[in-house]
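Residues or ranges marked as signal peptide in TrEMBL: 1-23. Annotation source TrEMBL lists domain 'Cytochrome P460' at 43-175.
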Amino acid sequence: MKRTPMFAVCAACVLLLGAWQTAANLPYELSGSKQLTLPDVTEYRQWPYMGTSMVPNDKNNGKAIFPGIHTVYINPRALRMRREKGIFPDGTIILMENHHVTVREAESGFGYFTTGGMDLLAAVKDRRQFDGEGWGYYFFADRELKAGKKLADLQPAASCRSCHQVGAAEDQVFTQYYPSLKKEP
Ligand code: HEC
């Protein structure tokens, strides 16, 4: 009987271990049908902060696409790669909380104050999972989150990707709006 050389067995083990580690270390969980598991809020809120934008309805004739305060987080490894190598690697997840707001007068003055409503938007880069430049987009609406929804379907390209492809400065990410992405001094 022909024996498999030892080095081939070792090489296979290394490859398998590598694949297992990559899957285990991903900062997001995708099912076979590409559904995204709701990321853990307490965990991602400890990730690096990418920036905040505010897009209220009253500045957009009541028609802002995601009206509210946008707070954006990115997983630590992706930010490191972006700063060191200028790329968003496979295994990037960017999460944007959209906090619903109302206009009020407070002790600090007139302003936009959060109502407690929040949608969660996600962009995941994984070229093994998604075609084109490798980004998949997901959306958890406030009412879905409150109803306990834990899985989101991949959004069709026309809902999210098409706008990101056209307007974003870099690899479908609107880096032009995140001064904090610049290399730290
Ligand atoms: C009409 C254009 C447009 C559409 C459609 C759109 N986005 Fe965005 N998105 C933006 C812009 C502009 C920003 C950055 C500024 C801001 O916060 O509004 C952004 C920011 C994001 C971010 C933070 C990372 C980044 O690239 O800035 C995520 C995540 C995101 N969007 C996900 C989604 C998802 C999921 C959908 C679909 C449900 C979607 N977007 C649809 C324009 C769009």
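Note that Cβ sites are derived from N, Cα and C of the backbone, with glycine treated the same way.
Model confidence over the domain 'Cytochrome P460' (43-175) stands at 97, taken as the mean pLDDT rounded to a whole number.
When the domain 'Cytochrome P460' (43-175) is classified with DSSP, helix, strand and coil residues number 28 helix, 56 strand, 49 coil.
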